[in-house]
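*Asks:* Input: one structure, supplied below.
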Amino acid sequence: MKMIIHIFFTLSLVSSISYASVQDFCVADPKGPQSPSGYSCKNPDQVTENDFAFSGLAKAGNTSNIIKAAVTPAFAPAFAGTNGLGVSIARLDLATGGVIPLHTHPGASEVLVVIQGTICAGFISSANKVYLKTLERGDSMVFPQGLLHFQLNSGKGPALAYVAFGSSSPGLQILSFALFANDLPSELVEATTFLSDAEVKKLKGVLGGTN
């Protein structure tokens with residue numbers, strides 16, 4: 001029995017070592033090739049403390065747009081030091097009535113923390129169950145990787161939140177834009193969404209889609 005425990009412990013140790021990073025960091029080199037694991041590494045001799053700091057989240061984003069919202073991301077390569085570390089952050093500004101429409105992050109789960117205002121947030125599971133919560137200042141909510149989710153300013157003034165991700169490049173696809181902001185033929189959109197031709201063309205007109 002002791003021998004089995006010893007073998008199991010040894011294998012576990014070897015396994016953990018084999019997946020450990022072989023270097024302290026891999027600061028993103030935007031000019032180099034990308035791979036599924038991230039950007040190429042910047043020459044360590046050229047890395048400075050500035051690669052590990054980001055000041056872009058101090059300023060509010062411009063919410064003068066159709067969704068009355070702005071997302072300021074601190075992902076690689078903008079925040080080069082996050083590359084390969086499995087973490088990143090963004091600032092979310094929502095004017096009154098602002099919304100981040102249904103969207104997904106294929107590469108990461110998300111944690112939202114409300115700093116100001118009131119935000120109605122939720123996500124839809126793969127079983128089509130809705131998880132909905134109204135969040136006040138100091139509240140937080142997690143959104144599992146790949147699931148459709150949204151944030152809506154449900155208060156009377158502007159709202160501010162910070163969101164953290166389990167990837168330096170979480171990815172983003174907004175459902176409405178994917179359907180109506182490109183050249184996907186209207187008849188295919190109608191067939192796959194059960195919307196009428198008039199509804200599809202109206203939404204394409206609003207979001208800049210064609211065809």
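For all residues, glycine too, the Cβ spot is worked out from N, Cα and C.
Keep in mind that TrEMBL annotations are predicted by a computer and have not been checked by a curator.
Here TrEMBL flags 1-20 as signal peptide. The disulfide bond feature in TrEMBL is assigned to CYS26-CYS41. Positions annotated as domain 'Cupin type-1' by TrEMBL: 55-201. Annotation comment: TrEMBL describes HIS103, HIS105, GLU110, HIS149 as Mn(2+) binding site. Summarising the annotation, TrEMBL assigns oxalate binding site to HIS105, GLU110.
Locate each feature and note its surroundings.
*Replies:* Neighbour density for CYS41 (disulfide bond): within 10 A of its CB lie 16 other CB atoms from the protein chains shown.
Sequence-distant contacts of HIS149 (Mn(2+) binding site), defined as residues of its own chain at least six apart whose C-beta falls under 8 angstroms from its C-beta, comprise LEU102, HIS103, THR104, GLU110, ALA121, GLY122, PHE123, ILE124, PHE143.
The Cβ of GLU110 (Mn(2+) binding site) has 22 neighbouring Cβ atoms from other residues within 10 Å, across all protein chains displayed.
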*Asks:* Take the mean position of the Cβ atoms of HIS103, HIS105, GLU110, HIS149, the recorded Mn(2+) site. Which other residues of that chain put their Cβ within 8 Å of it?
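*Replies:* Leaving out the recorded residues gives THR104, PHE123, PHE143, LEU147, LEU148, PRO170, LEU172.
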*Asks:* Which one, from the binding-site residues HIS103, HIS105, has the smallest tally of other C-beta atoms lying within 10 Å of its C-beta?
*Replies:* HIS103
*Asks:* In whole Å, note down how far the CA of CYS26 (disulfide bond) lies from the CA of HIS105 (Mn(2+) binding site).
*Replies:* 23
*Asks:* Is it possible to list how many residues within the domain 'Cupin type-1' (55-201) are helical, extended or coil according to DSSP?
*Replies:* 22 helix, 56 strand, 69 coil
*Asks:* Are there any residues at least 6 positions away along the chain from CYS26 (disulfide bond) with a Cβ closer than 8 Å to its Cβ? List them or say none.
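*Replies:* Result: GLY38, TYR39, CYS41, LYS42, ASN83, GLY84.
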